[in-house]
Amino acid sequence: MEKKYILYFLFLLPFFMILVIAETEEENPDDLIQLTVTRNKIMTAQYECYQKIMQDPIQQTEGIYCNRTWDGWLCWNDVAAGTESMQHCPDYFQDFDPSEKVTKICDQDGNWFRHPESNRTWTNYTQCNINTHEKVQTALNLFYLTIIGHGLSIASLLISLGIFFYFKSLSCQRITLHKNLFFSFVCNSIVTIIHLTAVANNQALVATNPVSCKVFQFIHLYLMGCNYFWMLCEGIYLHTLIVVAVFAEKQHLMWYYFLGWGFPLIPACIHAVARRLYYNDNCWISSDTHLLYIIHGPICAALLVNLFFLLNIVRVLITKLKVTHQAESNLYMKAVRATLILVPLLGIEFVLIPWRPEGKIAEEVYDYIMHILVHYQGLLVSTIYCFFNGEVQAILRRNWNQYKIQFGNSFSHSDALRSASYTVSTISDGAGYSHDYPSEHLNGKSIHDMENIVIKPEKLYD
């Protein structure tokens, strides 16, 4: 019997092992995917290193030097004796910071440094993850800051669009441009949230590299371009209205639609073709390629044009204020106010702060400032151009007052009806059931008249 049970156990053991392995894979699919990605990166780097070692010319300079080598993670060139070679940390592991440095020492004898404990050649990777915890915390803070910013932007922009569409008296060309700009902000915010939560952080999706992932990246880049080109449309409209022709007739909005929604398709399509041919990485998610300038170049050009429009508009405003002979302080305050209102709409802050500073604290401050400027721009624009708009405030105030008056009248009317009905009902009940009344007439009306009044109480107000 025992032998029989042992045979059953041996027969079922492989199935139990399969179940355990499958359960482990279901519990930690991301770990297995990350391990596969890391292994592929290391194998690719190793292959490229050996190719480089064989193809590079032999060192011709005199003197002692350490030979080129592969240390298991990185490739090292020939180095003169007594020097220290340095390069950036690899991105194989999640806790490695590619901005930190790896060092490898070549001693005076032309041998790579050996660790005293293991007596093996050793490369110093200790700096790669020394500040990982702090940087991960900063990255998480920026991630949550981004999600909250886009969420608030979507909510405020949808409310603004609802106001613009509901109140027909606000309809004009300027509001039409605002509607399209706000809608582009909404689309861009929604796609950005999906990209950050469902694509960028989904290693399984990136590893499988479906076509839908690349299509989504194409849509993401296209909508980002639409966002900035609708900013350009706002700048062109304001410049035409204030500088070119103040008393001109209505402008043709068809060209604005083409520029805002149509033109961004051109760089987006060119980038997609170039990415497919020259840098076809998974989901086109990598930013380590100059092909992104196909998208960023037109955006920077649009922002520079908007910067010119802004400066010219401020110049015209200052000139007009000087003609009115107002006080100097008031003149500059109005010019500054106009500038501060235009800056968030036209996106000039990306031109004013284009360079990332060096230094840990400076970089962190820069990241927070840029994340606020970029991801809260929809909230800022909707606040300034809708909620702080005098016309919008006047219409909302007028409708709110009308609603309060109507609600108050309705409430007072219903209270009066209930009070009158209660009074008349009491009188009717007394007349019908009391034997103490000297006459069947009350207040000049008969009991039958009172019954009619109870049935039709609105007659009290005739």
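Every residue gets a Cβ built from N, Cα and C, even glycine.
What Swiss-Prot records for this protein:
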DISULFID  C49-C75  disulfide bond
DISULFID  C66-C106  disulfide bond
DISULFID  C89-C128  disulfide bond
SITE      Q251  site 'Required for RAMP3 interaction'
TOPO_DOM  23-140  topological domain 'Extracellular'
TOPO_DOM  200-210  topological domain 'Extracellular'
TOPO_DOM  275-290  topological domain 'Extracellular'
TOPO_DOM  353-367  topological domain 'Extracellular'
TRANSMEM  141-165  transmembrane segment
TRANSMEM  177-199  transmembrane segment
TRANSMEM  211-239  transmembrane segment
TRANSMEM  254-274  transmembrane segment
TRANSMEM  291-315  transmembrane segment
TRANSMEM  331-352  transmembrane segment
TRANSMEM  368-388  transmembrane segment
- Residues of the same chain, at least six outside the transmembrane segment (141-165), with any C-beta under 8 angstroms of its C-beta? 175, 178-179, 182-183, 185-186, 189-190, 192-193, 196-197, 367-368, 371-372, 375-379, 381-383, 385-387, 392, 396
- If you count the other Cβ atoms within 10 Å of each Cβ, which of the disulfide-bonded residues C89, C128 comes out on top? C128
- C106 (disulfide bond): tally of other CB atoms within 10 A of its CB: 22
- Calculate the per-residue pLDDT averaged over the topological domain 'Extracellular' (23-140) and state the result as an integer. 84
- Do you know the DSSP helix, strand and coil residue counts for the topological domain 'Extracellular' (353-367)? 8 helix, 0 strand, 7 coil
- Task: Sort out the sequence-distant neighbours of C66 (disulfide bond) for me: same chain, 6+ apart, CB within less than 8 Å of its CB, listed by position.
- Result: W76, D78, V79, A80, A81, C106, G110, N111, W112
- Query: Between C49 (disulfide bond) and C89 (disulfide bond), what C-alpha distance do you get in Å?
  - Reply: 16
- Quick one: of the recorded positions C89, C128, Q251, which has its CA closest to the CA of C75 (disulfide bond)? C89
- Query: Tell me, by DSSP, whether C75 (disulfide bond) is helix, strand or coil?
  - Reply: strand
- Query: Which ones in the same chain are close to Q251 (site 'Required for RAMP3 interaction'), with CB under 8 Å and 6+ residues apart in sequence?
  - Reply: Q173, Y237, T240
